[in-house]
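Below is one structure, written out as structure tokens; the observations come after it.
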């Protein structure tokens, strides 16, 4: 390259020597930097040119060059220029011709200048290396372009139809430096899907003089497809269009970046969590971006949210300390993750898991990106879990949780108090440490069979605490099921019933003693009363018969008391029982005790079952006996009627007696218990009432349509 440095003190006339060089200008043509080669074309020092508009010094028609400059910067597209310098010898006349290329770089542009004399020297040197160079005026500009702009150049002569490629163009296409392409060869490199567009653009440039700028794919001779940006521009000299000059640049990295950015944008737009970006450089840090998930989460349209501060999501339930912590983090340009109560457009509250991170360049934060996730369900679940944990921890029953293999993972305070084991002593152990040895092997086999099948096991157990003390417990063990319906562990609840068992045992002993004594004593009384009645007559015999009747009533009452005590001492049993066998058993017992009674049974066409126990037979016997003994005829008639629907089974006892006494109807509507006046008649009905209640059913009394009473037992259908 010819030229002189800025320190050269010799002077020539303005633009008398034009050499290869480069200068940088803004969109108004003001010089911001200039190299020695370009400086040699001006009769000025570097200091005098930097900061000065230079096109008015360089060419006779600067306005057209300025327009090309601004268009190149605005469009981001390089543009070639041909400059006629002012003549130093003849004022107002054209001087020399200078070729150039404007290469935009954001808000500025690099202007490449090429001296025709320099191009001739370059061509002479280059032709020794590359015989494909066609003409000295092409080589300088095109190779200067590719060297300084990292862009390959090409030129197509419309007269000779010869195509010239620079070294960079050949490199992009992956061909040898001696490769001599035709126009058809050049077009063949393009992807089939892009080739029509390129051919059309070249054709219009040749025939109509239209400039083109396209991005397309080419496949080098050996290699993968790559993206290139190709620009073609017709050049008119002296009113004639004789060449198409252009550039080609490998934009694969930029295209990949653009595609990656587009993919990132689509990913952000489609993300399942709310994403926002706010401008940290503006007052109030307004939102400049929000995705659709944010709109779905908050109820605000994206257009409504843009330009507003995120504070519009806060409300009366928003914690001020959380807001302050967020503000402190942002003031320090620090990321933060927290959970905050926000409010939707409709006023409903939701828990927002908020993550904010600063973004920017170097030490300057320009924006904050925020991620919003609705964690309301999780927060409510956690709150319920904490409430459950507090309830379990303070429950009055011993509770422990095991894994699927039975290893204890949790116990509450009541368990520690009941068993005497501390948590550190029991965790990792199995409930076998509580085994008292009183329970048979079959108990545990039944237990494991039940809970491993996913069902609940509920029975009494005798366990042993740390100190060796034994306790009775009502134990319920339920499996813990995951979302796949697999058993993952077990929860056991033990209610200490030791005091109850001891009380029941004492009552049972007392009951057996009393019943034994009453039965024996009453048998003695009966024997003497019968003897007196047989041996005497008159009032004394009547008294003996009264004693005999009363003694028999006492024996019957004691037997009823035994059944009541047995019923109340048992756990409420709710097993599935078929109705027919229980009813048949009751009828058989009544017919044996009262052979003169006529008992009939009316049932539906299909057999039914109920949830209850075998005590249903005792309850029916009590109702049947009550109907028979209150009958006002020698051969009483009683009917048992069984009806059912989808949920319940109703068993009605219908008689022809005097109806239900008022005391019987009132017996269960108050809190009264059988007193000394009513207990002989009422204790049997109380037995029925207790049985039905413990079975989850109901007991109703009604008068029959004509005469008599209807007592109905309603039980859950199995």
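Here the Cβ of each residue, glycine as well, is placed from N, Cα and C on the backbone.
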Task = If TrEMBL is the reference, give me the range from 71-93, 94-116, 117-139, 140-162 marked as region 'Disordered'.
result = 117-139
Message = Would you say the domain 'PAC' (455-509) and the domain 'PAS' (384-430) are in contact under the rule of three or more C-beta pairs closer than 8 Å, pairs 6 or more apart in sequence?
response = yes
Key: Predicted model, mean pLDDT over the domain 'Histidine kinase' (513-718)   = 78
